[in-house]
Amino acid sequence: MKLTLRVWRQKNADAEGAMSTYEVDGISSDMSFLEMLDTLNEELILEGEDPVAFDHDCREGICGACSLVINGDAHGPERTTTCQLHMRSFADGDTIDIEPWRASAFPVIKDLVVDRSALDRIIQAGGYITAPTGAAPEAHAAPVPKPDADFAFEHAECIGCGACVAACPNGAAMLFTSAKVNHLNVLPQGAPERETRVLDMVAQMDEEGFGGCTLTGECATACPKGIPLVSITGMNREWLRAVRKGKR
Amino acid sequence: MARTVWDSTVGKKTVMAVSGIVMLLYLVAHVIGNLKIFFGAAEFNHYGHWLRTVGEPFMHYEWTLWLVRIVLVVAVVAHAVSAYQLSRRDIKARPSTYVHKKPRASYATRTMRWGGIILGLFIVWHVLDLTTGTVHSGGFQEGHPYQNVVDTFSTWYGNVIYIAAMLALGLHIRHGFWSAAQTLGVGSRTRDRALKTVANVLALLLTAGFIAVPVGVMTGVVS
């Protein structure tokens, strides 16, 4: 496959960025999108140019490190992470636009790498439980109804990649925050902090400068793990419940 | 608690949802009243007069009407101020757009902000036209709503402004009603289809009901 890539290049956080055009040849349709970028970078290094910086880690679709907005879609045209996107999703001769996540809470560090530590601070604000840790507890000690366990697991699938923020026209982190809130709030282990968790995490989300939700549904469409839009409805319900209980 | 609600994006969205539902309930009553115009001047004018005497003898003349007006003004202001503040925040949260743009949300969703501004301007014109009579075409007659409505819809601009605003209203309700349900946490996977249907039916009935009046005047059914 021969491709034309238009890639966002930005030297550092303060520099002005722009799209640069590159041609790559000899791409196999079995390569992942990141392997295609590795090929480009090898050529750039041989030519003595600065390789394109992009985030990646496990390359198995489970760590949430890879990002990239590909042709206007967070993680590209398939419902998966960029590392699990394969070049067979593109045609020979295609022009592909590659941009970083865009949100003021995600400042660009270099090229396609953005600082997503705002999501870590939302987790720190309440995305944990105070149950004692150590050896695994007796499984029957805290019974969890099967539907609740399934619900919690569905939301626990969130890998915190930030595709929801990147796709949202308001740069909102509602889907991410709601996944974390719903995951823990439905379980008995998360019950002691049920109210403070949602209040603190939403407050931190606002403080980080994320936008608000206008229910466009772009986040749920982009989510590689299929966190549903109704997850946000669930967080709103938890938040209103906590406010009514007068926990703030 | 009030501080928590107003300072939070989720809380401000709640303010928008509640004020939106107040306005929506008012519109349902409004459209039913409007349709009385098809039963003649006597019945419509009588209905107009009754609006001022609702609640008597417990309430004084026009007290209920003014109570409703105050609630509506509070709802409109709360809705608009929240929308303005949230929109400014949203624009700030996404300062640079993508080079490769892809609009995907529905037309109703994408036009909520502009639609809201159009509706706000329409309300001002509508009140100046048919409540105070300030910008009314032809002599505005206090206490003769039937004739005033016929006069307004006998002008081309009266029809254009009104019908355009009612189409904007339909789109606004289509996304707004369903959205309010999500904000208030009453939406769910099983209720989603029902909520979307109710939103569409409400939007369609209200738009059709309101537009029926200028169409009635234009076709000579109401004269």
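Placement of Cβ uses the backbone N, Cα and C atoms for every residue, glycine included.
Automatic prediction, not curation, is the source of TrEMBL annotations.
According to TrEMBL, the feature transmembrane segment maps to B:21-42 (among others).
Summarising the annotation, TrEMBL assigns transmembrane segment to B:66-86 (among others).
Here the transmembrane segment (B:107-128) has Cβ contacts under 8 Å with residues 76, 79-80, 83, 87, 134-136, 161-162, 164-165, 168-169, 171-172, 174-176 of the same chain, all six or more residues outside its ends. Residues or ranges marked as transmembrane segment in TrEMBL: B:107-128 (among others).
Panel annotation: around the transmembrane segment (B:156-177), residues 20, 24, 27, 106-109, 111-112, 115-116, 118-119, 122, 125-126, 129, 137, 195, 198-200, 202-204, 206-207, 210-211, 214, 217-218 of the same chain, lying at least six beyond its termini, place a Cβ under 8 Å from a Cβ of the stretch. Residues or ranges marked as transmembrane segment by TrEMBL: B:156-177 (among others).
Long-range Cβ contacts of the transmembrane segment (B:198-222) within its own chain (Cβ-Cβ under 8 Å, at least 6 residues beyond either end) map to 24, 27-28, 31-32, 34-35, 37-38, 149-150, 153-154, 158-159, 162-163, 166-167, 169-171, 173-178. As annotated by TrEMBL, transmembrane segment applies to B:198-222 (among others).
With a threshold of 8 Å between CB atoms, the same-chain residues lying at least 6 positions outside the transmembrane segment (B:66-86) that come near it are 9, 12-13, 15-16, 19-20, 22-23, 26, 113, 116, 120, 123.
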